[in-house]
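According to TrEMBL, the features are:
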{"type": "TRANSMEM", "residues": "33-55", "note": "transmembrane segment"}
{"type": "TRANSMEM", "residues": "86-106", "note": "transmembrane segment"}
{"type": "TRANSMEM", "residues": "118-140", "note": "transmembrane segment"}
{"type": "TRANSMEM", "residues": "152-172", "note": "transmembrane segment"}
{"type": "TRANSMEM", "residues": "193-217", "note": "transmembrane segment"}
{"type": "TRANSMEM", "residues": "223-244", "note": "transmembrane segment"}
{"type": "TRANSMEM", "residues": "256-275", "note": "transmembrane segment"}
{"type": "TRANSMEM", "residues": "308-326", "note": "transmembrane segment"}
{"type": "TRANSMEM", "residues": "387-409", "note": "transmembrane segment"}
{"type": "TRANSMEM", "residues": "429-451", "note": "transmembrane segment"}
Amino acid sequence: CLTFQLACCCGTAACSLCCKCCPKIKQSTSTRFMYALYFILVTIICCVMMSTTVANEMKTHIPFYKQMCKGIQAGEMCEKLVGYSAVYKVCFGMACFFFFFFLFTIKINNSKSCRAYIHNGFWLIKLIVLAAMCSGAFFIPDQDTFLNAWRYVGATGGFLFIAIQLILLVEFAHKWNKNWTAGANHKQMWNGLLALVTLMLYSIAAAALVLMALFYTRSEGCMYNKVLIGVNGGLCLLVSLVAISPCVQNRQPHSGLLQSGVISCYVMYLTFSALSSKPPETILDENNRNITICVPEFSQGLHRDENLVTGLGTTILFGCILYSCLTSTTRASSEALRGIYATAETEVARCCFCCVPDGDADTEEHVEKRGGQTVVYDEKKGTVYSYAYFHFVFFLASLYVMMTVTHWFHYESAQIEKFFTGTWSIFWIKMVSCWVCVCLYLWTLIAPLCCPTREFSV
């Protein structure tokens, strides 16, 4: 009985132990928060394992360091617990953890079922299982074969995670335009908001294009940067013209410049991110000294404090990964990936349309107070998000984290301190992601023209 109580002490039961001043929390939110907390914990461990600074500090400040490493059979200087191979093994355990729950929670529609109870509770036991899976990966026989095979699995899963985010971005742009266009049929205010936001998006994209041309190019050299900035700027112009072309407008009246503005801003962001991730180009100046070109001069000063840049940049990066995971695991997102969208007649225009709660759970909430934080059991009628899809996205995110921390295909020389020094693999991954995003958006525009007998809904 004591074990059962301890196992349930990290979910909604733990929320009930918090002070009353904490805002009320939904059961579905607390569950997703706990899984995200596990994800963050393992991610931090992976970053520590890739840090030579942390490894050197441990050697310096931990007494009997060599004896301890030999005692746990991690090598003379704990070399088995650092580097890309250690990150691969830890992420293998985390990926297996989420993949197991993906299989375990398939087709759960009732939060009162036994499997749903396991998904929403038993947090202490699940933490132990996660730790055991991550630790057990270090005892897999034939490590070389395992690492070589797992590397390809990680790359496939990482690319699939990127593709899901790109698909949902395109879906988000169409949903935004459809929602506000529905409001324009009743109030002209929404037309004004559409025009204002569209103008702002294109202003941001144009300003980004000009700034990148100023700071990432020069009169001599920088041919890669010039070509890519020109190509991506031309793609933004192309998708804008296609979106407002008469043939597309006839088949898709909801198509407009708002969607292409969102895509253009994202293309400019990926272009900037790719140029920042490109290995620096150096030339000899008049004094025969190597100087770095094709990058902003102020960025060279920022990169001198490597620890600050690495810590801040890593925090922002994995914050974005976590945000992508949580926003892409809602019921609406999982349905969008299967081509299920709300009809225009059911759209209710609102400024924060993307923050609408999942399902109709809020119509009849069961609130329980135990002297602490208020817990809202919002899944009384059914699940408000897809449990299986939630775990599958976190499974892919685990693989994406593994590949990102180990610099994708430059794993042997990867260090967390060199996370932002730039590699060609990261550069091309970001550029290809940019072009895939444009292709996905273009397909949503021209698909009804290519297949006129098929019904498309975006």
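Along the chain as shown, the residues are counted starting at 1.
Note: Cβ is positioned from N, Cα and C throughout, glycine not excepted.
Under 8 Å from some Cβ of the transmembrane segment (86-106) lie the Cβ atoms of residues 38-39, 42, 45-46, 49-50, 80, 115-116, 118-119, 129-130, 132-138, 140, 147, 150-151, 154, 157, 387-388, 390-392, 394-395, 398-399, 401-402, 405-406, all in the same chain and six or more residues away from its ends. Counting Cβ pairs closer than 8 Å and at least 6 residues apart in sequence, the transmembrane segment (256-275) and the transmembrane segment (118-140) reach fewer than three and form no contact. Contact between the transmembrane segment (387-409) and the transmembrane segment (193-217) is not supported, since fewer than 3 Cβ pairs fall under 8 Å when only residues 6 or more apart in sequence are counted.
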